[in-house]
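As written in TrEMBL, here are the features:
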- 1-20: region 'Disordered' (REGION)
- 44-64: transmembrane segment (TRANSMEM)
- 76-102: transmembrane segment (TRANSMEM)
- 123-150: transmembrane segment (TRANSMEM)
- 162-182: transmembrane segment (TRANSMEM)
- 189-213: transmembrane segment (TRANSMEM)
- 277-300: transmembrane segment (TRANSMEM)
- 375-396: transmembrane segment (TRANSMEM)
- 408-429: transmembrane segment (TRANSMEM)
- 441-463: transmembrane segment (TRANSMEM)
- 475-495: transmembrane segment (TRANSMEM)
Amino acid sequence: MSLPLKHDHHGGEERHVAQANVSAEEVGVVKQQETYAYDESRKIGITGAVFLILNKMIGTGIFSTPSGIFQSTGSVGVALMLWVIGGILTFCGMSVFLEFGLAIPRSGGEKNYLERAYKHPKYLASCVLASQMVLLGFSSGNALAFGRYVLFASGSSSPDGWVARGIGIAGATFAVGIHAITPKWGIRLFNVLGVFKVVVLLFIVFSGFAALAGRRRVPDPHNFDNAFRIEDGEGYGNGGAYGYATALLRIVYSYKGWENANYVVGELKNPRKTLAIAAPIAIGGVTILYVLANVAYFAAIPKTELATSEVIVAGVFFRNVFGNSAAARALPAFVAISNLGNVLAVSFAHARLNQELAKEGLLPLSRFWASNKPFNAPAAALFLHWIVTVIVLVAPPAGPAYNFITDMYTQGGAWINAFVGIGLLYLQWNKKENWTSPWHTYFPITIIYVLANFFLCIVPFIPPTTSWTADGYPYYVFPIVVIGVLLLGVVYWGFWTKFLPAIGGYKVVAERTYDQEGHEVIRYRKVSTKHGRSGPID
């Protein structure tokens with residue numbers, strides 16, 4: 001039986017609103033699109049959204065990746081240029097995501113955007129994204145950096161290894177626990193740490209100015225003399241396509257977080273206004289601070305020491321500027337606290353995205369992962385995020401693993417971002433899609449964003465010109481792991497929507513409803529296709 005449907009072209013989406021009771025055989029029957037995660041008093045305003053983005057962006061990256069970036073490029077000048085390029089790419093990505101986010105103001109981020117752009121094959125984009133988000137959307141890199149900085153601040157002579165990973169697991173457990181039990185206090189805590197992280201980063205910047213003026217405990221490293229000379233020898237990537245790609249991957253990792261508010265649009269007050277104001281403020285400020293912070297590092301740390309300092313580059317900077325004073329020992333502890341704030345922000349955003357995927361029935365045991373019990377918070381989805389984070393922390397062999405973990409995390413996101421950009425181009429150029437948005441991204445900006453992400457996806461498969469590898473792992477390991485995760489999503493899609501329905505005599509259809517609290521619930525149901533039988537069978 002077919003029923004009359006209203007068509008509401010709003011925000012670039014064609015929405016179908018049922019006029020009567022709908023049987024489970026109706027596919028794509030959608031009620032008015034709204035998502036309620038909290039009541040209005042608990043929603044996030046402009047200030048909260050700025051801090052949410054700041055908390056995700058200013059984390060382990062700027063305090064830990066500059067060593068690996070310089071190691072990859074072997075050049076001070078090239079490294080600084082790549083940081084500027086990273087800021088430009090971040091603005092391009094912000095524009096792409098704002099156009100989607102303001103047109104589709106619902107929690108879920110890329111899930112909503114890919115579903116809007118890639119409608120066929122049905123559910124394929126959602127399955128691939130679910131695999132990437134669940135298996136690669138971890139907090140492991142941030143947690144590991146937290147553990148290493150805690151050890152460095154305590155005076156450990158070897159701030160690495162299993163002890164650092166254990167401390168990282170403890171930090172991730174704390175972050176997940178506070179969001180699951182007292183979500184209000186979880187939000188308040190990362191708001192406070194958002195201010196704290198900016199203060200720490202500003203302190204590094206101003207300390208760098210002092211180092212440039214000669215106020216440091218080590219001789220002038222002269223890093224800005226012949227700044228574009230490429231260092232060679234053991235431990236350097238000597239530039240080249242592979243070195244530049246891995247360096248840019250780590251820079252993108254440091255900037256990641258600009259899209260964070262898009263994941264929780266349903267929990268923002270007036271999302272169109274909030275995103276349009278909060279995202280540019282946060283990204284513009286962070287870009288300036290990042291470039292100045294790198295100038296500070298180069299002003300105080302000799303090249304050989306910078307290339308080998310790994311995760312604790314900020315700790316080495318404090319030691320070179322302040323010597324063995326109490327300040328030099330206390331400041332790494334502040335960086336550790338800053339990193340903990342990043343774990344809090346990542347857990348907050350990714351758990352809600354996991355919950356959105358579970359609400360749609362995309363995950364095994366979806367009803368469990370979608371639950372808000374017992375504290376009206378996504379405790380089960382937070383637990384899923386915690387499981388993956390812990391596995392990634394303990395799976396790599398003993399030894400340095402930070403660069404390997406962050407490269408894997410960032411490249412998975414690069415594949416998704418590339419297809420988000422292509423999807424936007426398709427929607428803008430295909431008039432039949434009736435795409436509209438309060439924000440418009442110009443064609444060259446989207447093209448730059450797409451090409452940059454494909455560069456990050458493809459170049460890591462090209463062998464480097466030297467034997468240099470990050471953290472001792474073969475160059476091809478992390479991109480192959482990422483491809484494997486994405487292909488796992490394709491396999492899951494085929495198994496879930498093709499193989500099982502074929503042998504079970506049913507088809508998978510989408511059904512959107514609401515629970516008693518007003519949460520939008522999108523379920524994929526099994527509808528019989530056997531002769532003489534119709535209706536739901538699940």
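Note that Cβ sites are derived from N, Cα and C of the backbone, with glycine treated the same way.
Please treat TrEMBL annotations as automatic predictions, because they have not gone through curation.
Long-range neighbours of the transmembrane segment (375-396) within the same chain, counting only residues 6 or more positions beyond its ends whose Cβ lies under 8 Å from a Cβ of the stretch, are 134-135, 137-140, 143-144, 165, 168-169, 172-173, 176, 179-183, 347, 350-352, 354-355, 358, 368-369, 404-405. The transmembrane segment (408-429) makes contact with the transmembrane segment (475-495): 3 or more of their CB pairs lie within 8 A, with pairs spaced 6 or more apart in sequence. Panel annotation: around the transmembrane segment (123-150), residues 59-60, 63-64, 110-111, 114-115, 117, 159-160, 163-172, 175, 253, 311-312, 314-315, 332-333, 335-336, 339-340, 342-343, 346-347, 350, 353-354, 357, 360, 362-363, 384-385, 388-389, 392-393, 401-402, 405-406, 408-409, 412-413, 415-416, 419, 482, 485-486, 488-490, 492-493, 496-497, 508, 524 of the same chain, lying at least six beyond its termini, place a Cβ under 8 Å from a Cβ of the stretch.
Between the transmembrane segment (44-64) and the transmembrane segment (441-463) there are fewer than 3 Cβ pairs closer than 8 Å, counting only residues 6 or more apart in sequence, so the two stretches are not in contact.
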